[in-house]
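Copied over from Swiss-Prot:
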| type | residues | note |
| --- | --- | --- |
| BINDING | Cys23, Cys27, Cys30 | [4Fe-4S] cluster binding site |
| DOMAIN | 9-228 | domain 'Radical SAM core' |
Amino acid sequence: MNIPVSLQSKPPLWLLAELTYRCPLQCAYCSNPLDYAAVKQELSTDEWKDVFRQARAMGSVQLGFSGGEPLLRQDLSELIKYAHELGFYTNLITSGIGLTEQKIAEFSEAGLDHIQISFQASDPALSEILSGSRKAFQQKQAMALAVKKHRYPMVLNFVIHRFNIEQIDQIIELSLELNADYVELATCQFYGWAKLNQAALLPTPEQISYAQARVQAYRQYIDQHHLKTKLLLVAPDYYQERPKKCIGGWGQIFITVSPDGTVLPCQSAKDLPLEFPTIQDQSLKTIWNEAFAFNAFRGTDWMQEPCRSCPDKDKDLGGCRCQAYMLTKNMYATDPVCSKSPVHHQIVEARLQTQCSKPDISDLKLRNPQNSKLFFKRASDADSLL
């Protein structure tokens, strides 16, 4: 494979540390793998520190602490402090469950730069159904205010889907009431548990149009009243005609280390039929530069038609490899989101099906250890029959 030297020599600028798959919530759109409960061993404090040292030596500058719920790691303050001392810009991506004012103060003292808190909905009732926690909504509100009190920008994330998209006005009103600085309205992308629940979660075309119009109206309101809140609406792939560049370019910017030490180009890459090395077996630098899995989709030599001759191939790099594999079972295929894909009709059909289906929220398969273990058992039983 001909990999351009310019791509080989670029360091991963963004390191995502998935500290744990453990989580107190059970969101049906979680991007964690379905069989996450099969992961029994997490990297130790010293192993994570070694990962951070290696990444920083390569040139990584931003470090995200994620999960699962990273607050469940008892060594989180220690890891934040160590990453700060190495010179990382650090970001905590959290549900807010388990967060306290004391912990926020500890994290601030340790050098944490940024905190993002996720919400499920704009009201306690729907939040409880989606998260599985009766107290989650009030806790998130309190911690969003506490983050602001400790002089962090308030950054909120709402995953938008069929069951909460019509709350878009109330979601934005809640964000304004909390005086949020940044609000990410991230329409559900279908990986992990979200893919399992796609038929229930995918919004209708009318819902998408409504949400886009309301966000634009609120942006105008915010400008007219000189408010500081910034609204970012992330459109779903399934309502695009051209694919997005896979994670900013496969093996170009982003690197993920899973709780067990598996090193990935993105969080969903485990779904691909590739062998991904672990940090216990090879150095991060060796994995980034030499592992076949990281070089598999660098450059454009790997592309099949219609990508190979497409004038946009350097712009979108063929789209998302995980999405291509999920829908075609060919990881080299054109992302079916692209209208030039020979199976783009699958995307169109998924949109149309939303207009003739009426899913109930009880249809959702929740992300919890019981369901994960059941999925793992079924997958193991299927493998034993091969």
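Glycine is treated like the rest: Cβ placed from N, Cα and C.
Cys27 ([4Fe-4S] cluster binding site) falls within neither a helix nor a strand when secondary structure is assigned with DSSP, and so counts as coil. Of all Cβ atoms in the shown protein chains, 24 besides its own fall within 10 Å of the Cβ of Cys30 ([4Fe-4S] cluster binding site). Taking the mean position of the Cβ atoms of Cys23, Cys27, Cys30 as the [4Fe-4S] cluster site, the remaining same-chain residues with a Cβ inside 8 Å of that point are Leu25, Gln26, Tyr29, Asn32, Gly68, Ser95, Trp193, Arg367.
Looking just at the domain 'Radical SAM core' (9-228), the mean pLDDT is 97.
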